[in-house]
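Per Swiss-Prot, these features apply:
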- 9-20: compositional bias 'Polar residues' (COMPBIAS)
- 39-90: domain 'Tudor-knot' (DOMAIN)
- 101-113: compositional bias 'Basic and acidic residues' (COMPBIAS)
- 114-123: compositional bias 'Basic residues' (COMPBIAS)
- 124-133: compositional bias 'Low complexity' (COMPBIAS)
- 225-250: zinc finger (ZN_FING)
- Cys334: site 'Important for catalytic activity' (SITE)
- 403-418: compositional bias 'Polar residues' (COMPBIAS)
- 426-436: compositional bias 'Polar residues' (COMPBIAS)
Amino acid sequence: MSVGEDKSGTATPQHNTSIRITDDEERSDEKKFTDDDIITGCKLYVSKDGEYRLAEILQDHMKKGKKVFYVHYQEFNKRLDEWISADRIDFTRALISPQVKVDKKDDKKEGKSKTSKKSKSKNGKTGSKSVTSTPQPNEDTAPGTPRNDDEMDLDNLNVQGLKRPGEEVSREDEIKKLRTSGSMTQNHSEVARVRNLSSVILGEHIIEPWYFSPYPIELTEEDEIYICDFTLAYFGSLKQFERFRTKCSMKHPPGNEIYRDSKVSFWEIDGRKQRTWCRNLCLLSKLFLDHKTLYYDVDPFLFYIMTVKSSQGHHVVGYFSKEKESADGYNVACILTLPCYQKMGFGKLLIQFSYMLSNVENKVGSPEKPLSDLGLLSYRAFWTDTLVKLLVERNNPHLFKKNNPQLLTEASSKDSSVSPPPGGRQSANIQNGNTPSSDITIDEISSITCMTTTDILHTLTALQILRYYKGQHIIVITDHVMAMYDKLVKKIKDKKKHELDPSKLSWTPPAFTANQLRFGW
């Protein structure tokens, strides 16, 4: 290999010289760190799907005498977090140590408190004993700013249940502070940060959990746990599970069957009457819901379970829960389709059934916020299908009368007329191209679909069909909307999309007394 030399004396390769190309970070077979150097918060490269990806260590643990690490892959969804062994770690690349976060505000407050103490000691106003039982207000606080003991600022309420900086609480406090109204977690990072189970066997399905669920700690030592798909009871060994199954006689959820068609059934269960079963359901669902942590206080909720029937019995496909008395008008608290039944259309059936119940109650409803990412996608798809079908068929009276006779009956009983009422309500004119068809109000759409006006306007805006033209709102049925409608109708005709039949619902809205709604602790 011939090498030349330039005028400055630096060796330069000739044109026929081979040049080695490497990464900025030189890789070698020599280990740059050991297992003992790995701490919580550090970042390293981990083998995932045949390639090395940057991951953060969230926790380490001794499992059956071997050290395992819980990692979060950078720029990937949290549900891909997993426990790994040391043989999947690339020890030839440098370990990235965690950065220590310094809160500047705390430093400033600490500095001010020190200076104030010094000034007080010089003036002789402070003794040796600490008498600061009430915190002094910050000098930088503007007049009128509420203190800890002042009334709550209603404009700054965290209505979505999201965690704010400085509001972190421990896992024990989180469990103690579970809400008696709703099902939101109050602390995402501590409770659901580390997944504690590796594999779940539910009936004939092997499912990999996504998130943490507070199952008994002895089960977390097992490679897999077994769950009965009828009682939802959990076991750490196959022998225990098989022995239980030989004695188990339950073939369906322990509630009232309120709906059945050729494909699915729905069961209503009172959380107060079936505490054990509902708690087992919440434990199972918490494995796949990141932002919910309700698993113990089931008394304030009704559970609606969707099942499919086989020769063995009715198997749980998914469920949703709702508060017996919701101050916010929610018709769904938690909603979940089990992963082994996802991408089969069951999620939309659950959503459709929740609105079917709202229709019987003569109420509008909306799911409790915030929704999970998959839940939000399912709701948006359902809202889109519902509004596209309604608006297109409303623009074509023949299709509307043919496919929605029950909606016409409901609209007639509620408004005494299908035509929009005069002035005073927000209305929109439906147009198809340049041909105006009919008027419809947002309130009427809400009355027909049982969706809230907020969800309706959100969906219309997302579809980009709500316009303002010549002093009035119009809904433009575009070619894209017509294509969506044709695709939807084709799915229904080809029986690729299952629709629930309201006439097969046998249900009366439950009524509860004040004593029944009083939560016993």
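Just so it is clear, glycine is given a Cβ too, placed from its N, Cα and C backbone atoms.
Take the CB of Cys334 (site 'Important for catalytic activity') and look out to 10 A: across all protein chains shown you find 25 other CB atoms. Model confidence over the zinc finger (225-250) is summarised by a mean pLDDT of 95. Taking DSSP states H, G and I as helix and E and B as strand, the domain 'Tudor-knot' (39-90) has 6 helix, 32 strand, 14 coil. Residue counts for the zinc finger (225-250) under DSSP, split into helix (H, G, I), strand (E, B) and coil, are 10 helix, 5 strand, 11 coil.
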